[in-house]
């Protein structure tokens, strides 16, 4: 007992020492060039051009030919999703993909919102920009940048955009009305991939900041999950180094000492279960952080392999218990049309390899040596803790990283793909956060 108290005291002192180092620093605003060859001497064209998603008979016929030639390995008996994507259920998806999924119709859905491209640091950056259809008299919309992660895309935000740009029509308060900008990370979907090594979250944050300046926004709100959360953090110029995971091992006995709530305990323990869950779900990360181009060769050549690789994440990252179901629970939260649209964005643009390289650029070198990991964020920040996320982050940990945390919400349901799964819950929490910011 005394040994545990001593250990807790030492850990507490270490944490306090790091927390107390609250000097405000900013990342240097450097310049980059990610296009092919050397940077041109002429100034970069800063014009913004409309863009439309298109398809062709050749593209669709090629897809169907590849699906028809698929070779599947039968699953083990009663394996469900314990070995990865169950090939029996995959047959159902492939049948739907070939006979019922209408890519041309989904292209029309994608073009429902205005798309644009503009060149920044040598890359054609794609984004959608959605303005409110109507505004209360005397009001101006609040600019909101929303950034996706992997294996997602800008399409994840299609269901939440109407709730933010036209809330009253959808049964929500119109106290806060937004105009929403959703860019594609370079190398994802319709944003051009870097030709050079080194395009990481900091470079992406700088590119997106330049995008917002180009659109005329000096101040704006940001929201992101997965890589989007890191990119948005980098845009605030500061990223902390987090030492709070050390308290995981002392939490059950010293919950009050570390500021854990009962809900934190429910979401973090038993620790053995959480540990093995993280090990089980993180294999992709090691591959993509070390040899993204190798697995990318297979995924970029096979639409079936691409679908299995990505859709498995939409199963277990939505709810870890879905791995116990024969169909992976995929259709409990999503439609096959929506899921296959995300796959098609990767397939038709051929960007699965370049999207995976983002892991190599951010985690494959000297990950914690990067300056931004040792810095804090000194802008108002909100955090939505979805219960089925891969790892729960208690408020105490978040506040260490973001001293000006003003909103921390335990969400009623939802997992990794928050905007895609629970658009109404996330929209309400965004409005809650904005309200708190404006009261300050």
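Even glycines carry a Cβ here, placed using N, Cα and C.
Not measured: the values here are computed from a predicted model.
As given in TrEMBL:
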DOMAIN    48-157  domain 'Epoxide hydrolase N-terminal'
ACT_SITE  226  active site, nucleophile
ACT_SITE  359  active site, proton donor
ACT_SITE  416  active site, proton acceptor
Item to check | Between the residue listed as 'active site, proton acceptor' and residue 226 (active site, nucleophile): CA-CA distance (Å) | outcome: 8
Next on the checklist: Could you give me three numbers for the domain 'Epoxide hydrolase N-terminal' (48-157), the DSSP helix, strand and coil residue counts?
Outcome noted: 37 helix, 24 strand, 49 coil
Checklist entry - How many whole Å apart are the CA atoms of residue 359 (active site, proton donor) and residue 416 (active site, proton acceptor)? => result 17
Checklist entry - Which residues does the residue listed as 'active site, proton acceptor' neighbour through Cβ under 8 Å, counting only same-chain ones at least six apart? => result 225, 226, 313, 317, 318, 386, 388, 389, 390
